[in-house]
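What TrEMBL says about this protein:
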type: DOMAIN; residues: B:31-134; note: domain 'Magnesium transporter MgtE intracellular'
type: TRANSMEM; residues: B:282-302; note: transmembrane segment
type: TRANSMEM; residues: B:308-335; note: transmembrane segment
type: TRANSMEM; residues: B:356-378; note: transmembrane segment
type: TRANSMEM; residues: B:384-409; note: transmembrane segment
type: TRANSMEM; residues: B:421-444; note: transmembrane segment
Number of protein chains: 2
Amino acid sequence: MAEPLPDLIEEIVADNGSDDIQAVAEQLLPAEDVEIATLLESLPVEERMSLWQVLPDVRKLDVLVEMRSDPREVLISATPDDKWSAILLGIDAEDLLELMDSLPSKLLDLAIQALDEQQEAYFRDATQFPDEQVGHWISHEMLVLPLNAKVRDGLRLIRRNVPDHCDSIFLVNRSGHFSAAVKLTSVFGAPEHLPLVELTEESMPVIKGTDDSTTASLLVQRSGYAALPVIDDNNKLLGRHDILSASELVNENYERQVMATAGMDEDEDLFAPVAKSARNRALWLGINLLTAFMASWFIGLFEATLQQVVALAVLMPVVASMGGIAGSQTLTLIVRGLALGQITSANLKALMTKELKVGGVNGVIWALVIGIVAFMWFSDPLLGVVICLAIFLNILAAALAGVVLPVILEKLKIDPALSGSVILTTVTDIVGFVAFLGLGSLFLL
Amino acid sequence: MAEPLPDLIEEIVADNGSDDIQAVAEQLLPAEDVEIATLLESLPVEERMSLWQVLPDVRKLDVLVEMRSDPREVLISATPDDKWSAILLGIDAEDLLELMDSLPSKLLDLAIQALDEQQEAYFRDATQFPDEQVGHWISHEMLVLPLNAKVRDGLRLIRRNVPDHCDSIFLVNRSGHFSAAVKLTSVFGAPEHLPLVELTEESMPVIKGTDDSTTASLLVQRSGYAALPVIDDNNKLLGRHDILSASELVNENYERQVMATAGMDEDEDLFAPVAKSARNRALWLGINLLTAFMASWFIGLFEATLQQVVALAVLMPVVASMGGIAGSQTLTLIVRGLALGQITSANLKALMTKELKVGGVNGVIWALVIGIVAFMWFSDPLLGVVICLAIFLNILAAALAGVVLPVILEKLKIDPALSGSVILTTVTDIVGFVAFLGLGSLFLL
């Protein structure tokens with residue numbers, strides 16, 4: 001890019017709609033699509049629209065493909081109908097698979113019509129797979145030869161055109177079944193008449209179209225190859241999964257996890273329209289409100305106690321907070337373990353024992369610290385004992401819930417990264433308040 | 001791998017130390033290093049040790065390289081001194097750079113001695129760069145030719161040996177300065193006597209050794225090339241950054257973010273010894289305890305009010321929770337924007353305006369809902385008004401803090417993903433409690 005991203009943002013926002021936007025657009029011509037996409041995402045809506053309008057139509061499709069859905073949809077809905085046939089010129093199946101969820105049905109039809117016959121077939125094939133399966137994301141640009149091809153055929157093919165991130169030729173039999181892969185670099189030194197099959201890479205893993213897209217992508221990243229072949233259940237070669245799409249899918253999966261901790265998704269737009277953004281976030285606020293009211297209801301059971309021992313009300317946040325933090329530490333560790341496939345019924349018991357022990361150690365230490373502080377603050381030894389016990393119990397409950405909850409959610413096919421923390425803090429809030437106020441009612445009245 | 005990971009874990013844990021561990025180890029021989037590393041990380045400490053002991057010494061180094069530091073260090077410290085010279089056989093600079101922080105100084109010296117002269121030079125070069133700079137992580141296996149080389153020299157070089165994830169030959173001048181890159185696939189079709197420099201890839205980006213390692217890695221992922229050249233300040237070619245290391249660094253960075261939300265780091269071991277794990281987590285619990293006590297102290301200012309209007313104590317968690325959730329949504333969005341370089345002083349104001357508007361909309365809606373519920377629950381219209389105002393104020397404060405806090409932390413070079421949430425909830429707790437109890441003291445006494 002001509003200038004770094006922050007400078008461009010500054011320039012555009014400072015100009016604010018003056019005709020210099022045209023100059024910025026010209027500067028952007030040598031930039032990569034993904035850089036322009038990131039720039040557009042970084043701009044307030046008005047400036048985003050101005051830049052979008054002056055961007056050459058031939059770049060628009062590739063830039064849209066690189067954007068997150070929410071900001072992308074803002075631009076799509078602001079683009080007049082008569083522009084689309086120019087924008088969709090030269091669209092291929094992979095572009096459309098990225099865009100399809102953002103396009104209103106009228107535009108989707110238009111886009112499908114813009115595909116050539118081959119690309120439309122690829123598009124139909126890919127949509128057979130839901131987007132959590134790798135078959136949805138495969139590339140069809142690959143080097144394929146029949147099983148009996150010779151080195152000289154390989155060389156001829158390579159000289160014609162090698163796609164990015166492609167380091168192998170795939171050999172198929174007459175029915176199109178995948179048989180073997182040969183690295184381009186083995187082809188070069190070899191005698192021209194040698195059958196390619198004698199250069200087979202024995203260790204290349206093969207992916208099934210129905211494999212989970214994140215798992216398959218991690219496999220590609222680890223394999224040492226630029227791309228792996230993707231086959232269907234009958235061993236027919238469907239396409240390949242290259243390390244660039246693999247990295248994009250892995251990154252997206254991580255971003256999803258990070259955003260899920262706050263109840264958002266990875267497509268959230270920095271400059272979403274206020275109404276849309278408010279609506280996106282309202283659900284999460286509502287769910288958390290329900291759980292907060294639930295905690296309040298449990299506190300309400302002890303109104304009489306609170307009236308007499310107001311120190312309990314003062315210290316409630318401490319009990320809730322310690323449980324919440326301890327629980328979220330265990331939860332985060334277990335959620336990662338589940339994502340990496342490291343947690344099974346076999347090691348779950350050992351894991352629970354370990355987390356309970358860790359909770360026990362930290363429980364005892366912090367319970368004592370907090371008990372002593374509370375005793376000194378309110379000059380009430382019994383209050384110290386009550387909070388000490390409540391903290392200990394709550395940290396243990398947090399450890400238990402932190403292990404068990406995500407495992408149960410995963411079994412129920414609910415994403416533990418999204419819903420784990422809200423359920424966990426509900427548990428620790430309620431256990432904490434009931435233990436603290438309950439023990440308080442017993443000992444302090 | 002012969003069997004999927006969960007089955008292997010099951011098998012080993014079920015056998016629990018019987019001599020069948022030898023059989024499992026033999027099954028593992030064809031597995032990739034990273035698969036064995038993941039398996040070891042998934043095993044409780046005792047089983048981990050048994051499997052480690054029966055693993056052939058020639059695999060141990062590569063497996064250690066693939067492990068996270070915490071579980072790796074458990075194995076390192078359990079390996080007897082006399083084993084190390086066998087394990088370190090054939091170590092190279094890249095292996096040692098991965099391992100160095102896990103090795104006690106005696107072993108580090110031993111490992112440095114095990115490097116050959118060339119690798120030791122690479123190692124010294126890389127350690128000139130701190131590990132957040134990409135120069136620390138470069139690979140030296142590359143195809144390099146002088147600037148005046150011909151296609152035939154290129155072909156000869158390629159036939160000898162092409163490293164993984166290498167799709168270009170780099171051309172250097174007599175002083176070793178990087179001059180141009182040529183794609184292997186352009187070399188193949190070309191006439192033998194053509195100077196390679198005529199096939200130069202004009203669009204290949206170049207990385208500096210001092211560039212931030214995540215930024216440089218994202219650039220590699222996006223570039224379409226299998227690796228990019230890395231140069232020093234004087235344009236001297238240092239090595240290359242390939243898409244595999246790039247993906248590993250990007251994944252690690254995401255994992256760091258996910259773990260940081262719970263105050264842990266990405267090296268945390270699923271089966272860390274209890275004492276170590278408790279110690280790792282105690283600091284975060286302690287910091288959060290301080291903030292919880294701070295919130296309690298503010299509540300304590302209103303003891304008299306709480307005694308008279310116990311409903312305030314009952315509803316406190318609702319006020320705190322709504323502020324915390326709203327704030328963490330804004331915070332998460334801004335932290336991601338900062339990580340992507342999308343937030344600058346130019347768009348910060350627009351961003352704050354938008355977040356305050358979103359907070360305003362959700363603030364009004366949820367304040368009314370909660371006000372009405374509180375009014376009905378406690379049959380007290382004034383209590384409804386008080387909580388309604390407090391919620392509105394707290395959600396606005398949360399939006400403001402969610403934008404401003406991470407930007408300030410980033411300026412202070414403090415990781416906002418780690419410390420942002422604890423500071424944010426402290427702010428929303430205190431604003432929430434003071435607004436709620438303060439308004440309560442004004443209106444309800």
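Each residue, glycine too, has its Cβ placed from N, Cα and C.
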For this session: Could you name the stretch, out of B:282-302, B:308-335, B:356-378, B:384-409, with the greatest number of CB pairs under 8 A to the transmembrane segment (B:421-444)?
Result: B:308-335
Problem set entry | Range from B:282-302, B:308-335, B:356-378 with the greatest count of C-beta pairs under 8 A to the transmembrane segment (B:384-409) | B:308-335
Exercise. List, by number or range, the same-chain residues at least 6 past the transmembrane segment (B:308-335) whose CB is under 8 A from its CB atoms?
Worked result: 257, 295, 299, 302, 343, 351, 355, 358-359, 362-363, 366, 370, 374, 377-378, 380, 383, 387, 390-391, 394-395, 397-399, 401-403, 405-407, 416-417, 420-421, 424-425, 427-429, 431-433, 435-437, 440, 444-445
Exercise. For the domain 'Magnesium transporter MgtE intracellular' (B:31-134), what's the model's average pLDDT?
Worked result: 93
For this session: Write out how many residues of the domain 'Magnesium transporter MgtE intracellular' (B:31-134) are helix, how many strand and how many coil, based on DSSP.
Result: 79 helix, 1 strand, 24 coil
